[in-house]
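For reference, the structure is listed below as structure tokens.
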Amino acid sequence: MSGQGLTGLSSWSRRLVTAGVLVWCLITAFPLYWVVVTAFKTPPGVVGGPTYIPFVDFTPTLQPFIDLYQGIRGEFFRTFLNSTIVGMSAAAIATAVGAMAAYALVRFEFRVRFGAGLIFFLLALGGYLLFNNSFGFTRPQALLLAFPIALAAAILANRLPLPGPILGNEDILFWFVSQRMFPPIVTAFALYLLYSEIGRLGFQLIDSYVGLTLCYVAFSLPIVVWLMRDFFEAIPIEVEEAAMVDNVPSWRIFLGIVVPMSMNGLLATFMITLAFVWNEFLFALFLTNSRWQTLPILVAGQNSQRGDEWWAISAAALVAIIPMMIMAGLLSRMMRSGLLLGAIK
Amino acid sequence: MMRNDPIKHVFIWPAVLVVLAISIFPLIYSFTTSFLSYRLIPPIPPRVVWLGNYVSLLQEPRFWNAIFTTTMIAFIAVGLQYVIGFGVALALNARIPGERLFRVALLLPMLLAPVAVALVARMIFNPTMGPLNQLLSMFGLANLPFLTNGHWALACIIAVEIWQWTPFIILMMLAGLQTLPEDVYEAAELENASAWQQFWGITFPMMLPISAAVVFIRLIESYKIMDTVFVMTGGGPGVDTETLTLFAYQEGFKKFNLGYTSALSFLFLIAITIIGVTYLALLRPHLEKRR
């Protein structure tokens with residue numbers, strides 16, 4: 001760590017800089033303070049104009065939270081549970097699957113022919129149109145049929161000496177990460193249609209645990225692969241080489257050596273993914289309607305339901321915020337070990 | 001060293017399959033739908049209109065308004081986030097007193113649900129019961145119509161974006177600052193370079209690659225903005241603060257105009273790609289000079 005940048009400054013400008021940061025901190029802290037205080041207000045404490053200090057300006061009460069718990073403003077308890085279950089499982093699956101892929105990208109060599117990728121895309125598109133228009137399959141059926149055919153053809157084509165560039169590990173990584181660039185609305189809407197058509201075939205995905213979790217896993221994977229690759233790259237390869245000399249199989253090297261060595265990274269990645277899923281709004285809006293509704297949807301609904309009942313709105317917002325506040329505390333400890341350093345290179 | 005072992009397929013395929021299934025499926029689906037005239041309510045059978053949806057979208061003033069609004073929010077918010085974030089990161093890097101406490105506090109906003117943040121913002125910006133207008137009237141200023149006037153509403157959304165996402169820039173820039181080599185600064189010190197000169201001569205150019213990456217990430221993410229606007233203004237007043245994602249949501253989920261919405265999301269995708277490619281092309285000469 002280095003302390004340059006301000007060493008040449010006089011003590012006066014140092015004070016100025018400190019004041020500036022302090023101002024930014026106040027700006028950051030005030031809305032948080034505001035929501036915490038408002039959650040303990042009684043209706044007169046809100047309607048009579050802004051009040052700031054408990055016991056001086058207004059008498060605090062726990063009523064908003066009791067209302068929440070009793071489900072007066074929607075099924076908070078169950079929604080909280082939904083968010084927890086979906087968040088935990090999506091983050092766990094994404095971290096596990098993504099870490100495996102990231103490890104493969106760091107330690108093994110992959111070669112994908114550009115032509116094979118093209119074949120996959122064209123066959124998937126063409127097969128879908130063909131099955132849908134000429135053979136009279138429904139749209140999801142056509143997609144589900146075209147997908148494995150295109151995939152099999154592409155894997156076979158990858159063995160042929162096709163012309164065109166050969167893509168390596170870096171390109172595969174780029175493909176993963178570029179999935180993040182997509183505007184989610186493109187996917188969310190199409191996924192909604194696809195899910196509802198699959199639902200008509202008898203397998204319900206809309207407003208279901210599987211549908212929501214699957215979608216979140218897919219959307220967290222790019223971040224997980226990106227973050228985990230840097231952790232794995234930082235692990236000294238000598239340990240693994242020593243194990244290989246002893247003929248330890250690759251999967252045991254991964255589970256027995258690599259995973260324990262990068263536990264910190266896995267934990268941090270898990271938490272970042274959890275935060276992402278916990279706060280996600282758009283997909284939950286499209287893909288759930290009652291049973292598996294998540295907290296952001298319920299919180300957003302508070303606004304229109306009863307107007308300016310701020311004490312209740314604040315309590316609701318606080319329920320969605322507090323778990324992430326705890327996580328921020330945990331994460332900030334890990335940040336010091338240079339967690340995100342590699343991620344931005 | 002790269003190994004070659006058939007087990008590598010077991011490692012990579014689950015991730016590839018999930019991402020392929022969830023991203024390529026919908027892509028093909030909405031790509032083909034975008035050439036159809038297809039409504040669910042009232043139900044009319046799909047009819048091929050080729051580029052018809054795209055043409056009518058490009059003639060629709062509401063679409064251009066959404067593009068303009070989204071661009072304004074993204075560029076102004078990210079620009080200010082970068083300036084504030086870099087400044088705070090520099091200060092934290094210089095070990096000002098209380099730096100550790102600041103770090104936790106500064107990390108918080110970006111981990112909170114945008115929906116909840118927007119609700120809090122609604123309370124703070126409330127014209128009669130909110131603390132902000134009370135502060136203004138304390139200084140003898142008139143109460144402002146924060147969320148009911150188009151320009152003010154846009155400014156409020158930008159303010160919330162800055163509040164929530166500056167921490168991300170601070171975090172990344174701080175991580176970058178800590179990798180800078182110390183000896184360059186020692187040399188500059190010997191030459192009696194002022195702090196100002198040191199910043200523009202050393203820190204800024206050396207931080208350029210990281211800055212470019214961070215701004216790029218934030219810009220792309222900002223273009224997707226939806227939840228904050230959804231809760232704060234719902235796109236209103238009128239359509240003054242309607243962003244692209246919100247527009248697509250209204251068309252798709254309220255009117256179930258499938259072909260139109262699919263075309264809209266593809267135009268959105270094209271717009272993002274153009275912005276991304278232009279941005280990288282503009283920056284490339286600056287980044288390569290340093291290598």
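Our numbering is plain: 1 for the first residue shown, then up by one each step along the chain.
Using the three backbone atoms N, Cα and C, a Cβ is placed for every residue, glycine included.
Some features that TrEMBL has for this protein:
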- A:16-36: transmembrane segment (TRANSMEM)
- A:85-105: transmembrane segment (TRANSMEM)
- A:112-131: transmembrane segment (TRANSMEM)
- A:132-331: domain 'ABC transmembrane type-1' (DOMAIN)
- A:143-160: transmembrane segment (TRANSMEM)
- A:172-194: transmembrane segment (TRANSMEM)
- A:206-228: transmembrane segment (TRANSMEM)
- A:253-278: transmembrane segment (TRANSMEM)
- A:310-331: transmembrane segment (TRANSMEM)
The transmembrane segment (A:253-278) versus listed stretches A:16-36, A:112-131, A:172-194, A:206-228, A:310-331: most Cβ pairs under 8 Å: A:206-228
CB contact flag for the transmembrane segment (A:206-228) and the transmembrane segment (A:85-105), at least three pairs under 8 A: yes
The transmembrane segment (A:16-36) vs the transmembrane segment (A:172-194): 3 or more CB pairs under 8 Å: no
Interface check, the transmembrane segment (A:143-160) with the transmembrane segment (A:310-331), three or more C-beta pairs under 8 A: no
